[in-house]
Amino acid sequence: MTPLATNAENGVANAASAPQRWWRDPWSVVCVIVAVIITGIVVWPIIDAGRAALDLVWRPSGDWAILTLRVEDVGRHTPLVGPYSRFGWNHPGPLLYWLLAIPYHLFGDKPEALLTAAATLNAITVVAMSAIAWRRGRLALVACTMTATAVLLHAMGPLIMRDPWNPFITLLPLALIALLAWSVVERDAWMWPPLLFVVSFELQSHIGYLPILAMIAAAIILLAWRRDSFRSLLPSDRRQRRLVVGISSAVLIGCWLPVFVDQVAGTGNLGALTHYFLSAGERPAGLNTGLHIAADQLRFPAAPWLGRVELTGTDGALLGSGVIALLLPLIAMIGSIWIAFRTRAFAALRFQVVVVASGIGGVIATSCVIGPVYDWVVRWWWVLALLWWLSIAWSLWSSLVQVIQSREARRFALGVLAATTTIVVLMATRPILSANASAEPPSQSTGTVLNGFLEPTLRALAGSGPLLVVATGSIRGDYGDALRLQLERAGIDVVAEDDMVSHLGPERSLSNRRPSGILWIVSADEIKLFRSDPNMSYLAGWDPLSPSERAQFFVDELELEQQLMAAGRTDLAQALTNGSGGVDTEASGLDGVDQELLDHVESLRRKGDPVAIFRSTWPSPWR
């Protein structure tokens with residue numbers, strides 16, 4: 001029996017000692033084939049979701065429109081910073097844009113290809129996770145890792161699996177980072193370059209991961225210190241050590257050079273980001289919130305990453321669970337650590353240390369969130385929960401194979417594990433494959449409105465110079481971003497307002513582009529005001545109502561507005577005319593308000609406010 005066969009049976013791997021001719025051992029060949037099959041089953045739904053995206057007709061809006069625009073900028077106005085934040089700065093670096101640009105151009109240079117690009121990156125990440133699992137634990141760890149990943153993908157569904165938005169595209173790489181960090185601790189020094197690359201991608205794409213990544217780094221340092229030598233993190237051979245250090249340094253320089261170039265000669269984003277976090281601002285969520293959310297996310301089996309719907313308040317923020325829910329996860333972790341220690345399964349124990357450190361980092365990261373803690377803000381907990389229970393399962397398996405002495409018994413146990421894994425991953429991935437064909441792209445409803453006025457607008461603007469796009473009225477900025485993207489794709493340059501430079505890039509700022517006109521996106525009753533202005537030229541519009549229905553709506557709206565004013569609710573009267581919400585709930589039962597009229601007007605408003613596109617000269621008296 002070859003050493004690799006022993007590793008495959010025990011579930012304990014040493015990549016450096018693996019023989020060169022493993023293919024001569026039938027058992028090892030079978031293990032490799034099964035590992036590839038299991039990985040393929042898990043990866044295929046992601047690939048299929050990306051393929052299905054190419055069949056869609058998608059007009060991105062909001063964050064997705066900005067993402068598409070910045071990905072298209074790679075190679076012409078190449079970004080040096082990451083995605084914008086609602087707090088006025090950008091995430092540190094451009095790796096997200098740069099990496100998405102490769103498959104984006106490969107799959108057709110169209111918005112739908114951005115979804116395919118995101119799916120491609122996620123598929124590569126899962127394959128990398130399987131490869132690292134093979135290096136650390138052969139078929140047994142591949143089986144455990146792919147089982148957990150398949151369950152997570154089932155919860156994510158095709159929408160998140162192919163979503164390029166930075167809170168989602170950074171999920172699976174976090175699991176890969178934990179596995180790579182563990183590999184480095186286990187003296188697999190050649191994992192330093194990929195670890196530093198993926199960590200750079202994660203941190204540049206989403207600064208919120210900083211506490212988690214810092215705690216993983218602390219775990220690496222702690223485990224190396226426990227061995228009384230940091231040299232264990234690098235090869236003992238001088239030539240290999242220099243090579244690893246050289247490649248790792250090149251990776252770091254290549255990843256972070258754009259960030260420092262921007263700081264010195266660009267927008268100074270890194271300084272702005274640092275100043276924001278060091279300045280006294282809004283109060284963060286706090287440790288209590290972090291612990292309650294951790295308790296809800298780590299619980300078993302009713303956990304969100306296993307498919308349970310998360311509990312939210314009236315504002316949509318996560319409620320979390322009582323801290324008592326942490327009892328079972330902590331007991332399971334501590335108990336499995338004790339068993340691993342007693343059975344001398346030290347490699348598995350070190351993996352648990354890395355995972356516990358990442359969990360502590362997750363609590364810190366959640367505690368630092370500014371504003372409501374929405375589910376998408378801390379979606380990293382799905383991955384942290386996966387790692388938590390994966391490390392426990394791997395520790396118990398490693399302890400089991402340490403106890404089993406018979407080679408036949410070990411092989412039988414591994415066969416049972418592989419068979420069980422195959423069944424579970426098939427059950428978890430089959431619904432995803434069924435949902436891929438019907439899954440809609442992000443913000444599909446916005447595209448419906450955009451389709452109503454886009455083509456006439458582009459025809460009217462053909463050959464125009466740079467345009468400043470301004471969204472006003474009740475319309476959300478989503479439509480402004482969507483139109484900016486479509487204008488740029490049609491060859492019409494867009495100019496960014498001062499508060500949009502972090503979104504669109506400094507090359508589109510007013511200081512770099514002088515607009516030849518202003519394009520106004522107007523909605524609700526403000527359209528009437530713009531139509532009456534001789535300085536405004538109407539280009540196109542969309543209305544869910546027919547002209548006669550809209551005329552009658554104005555009559556009914558005016559009557560309801562007068563009733564609300566008479567009832568002393570001027571705020572609701574204003575909300576009625578500017579497209580804001582809350583009128584239906586707060587005016588219900590109000591004295592002097594005709595409830596049938598209220599229901600009728602609100603039913604029409606729910607169909608959507610009309611949208612119109614106007615053009616004016618630059619500068620405009622409106623600005």
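Placed from the backbone N, Cα and C atoms, the Cβ positions cover glycine too.
What you are looking at is a predicted structure, and each value in this text was computed from that prediction instead of being measured.
Features as listed in TrEMBL:
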type: TRANSMEM; residues: 27-47; note: transmembrane segment
type: TRANSMEM; residues: 89-107; note: transmembrane segment
type: TRANSMEM; residues: 114-134; note: transmembrane segment
type: TRANSMEM; residues: 140-161; note: transmembrane segment
type: TRANSMEM; residues: 168-185; note: transmembrane segment
type: TRANSMEM; residues: 205-223; note: transmembrane segment
type: TRANSMEM; residues: 243-261; note: transmembrane segment
type: TRANSMEM; residues: 317-341; note: transmembrane segment
type: TRANSMEM; residues: 353-374; note: transmembrane segment
type: TRANSMEM; residues: 380-400; note: transmembrane segment
type: TRANSMEM; residues: 412-433; note: transmembrane segment
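Relative to the transmembrane segment (168-185), the listed stretch 380-400 leads the set 353-374, 380-400, 412-433 in CB pairs under 8 A. Contact check: the transmembrane segment (317-341) against the transmembrane segment (353-374) gives at least three Cβ pairs closer than 8 Å, residues 6 or more apart, which meets the contact criterion. Between the transmembrane segment (27-47) and the transmembrane segment (412-433), the number of CB pairs under 8 angstroms, six or more residues apart, is three or more, so the stretches are in contact.
Across 140-161, 380-400, 412-433, stretch 380-400 shows the highest tally of CB pairs under 8 A with the transmembrane segment (353-374).
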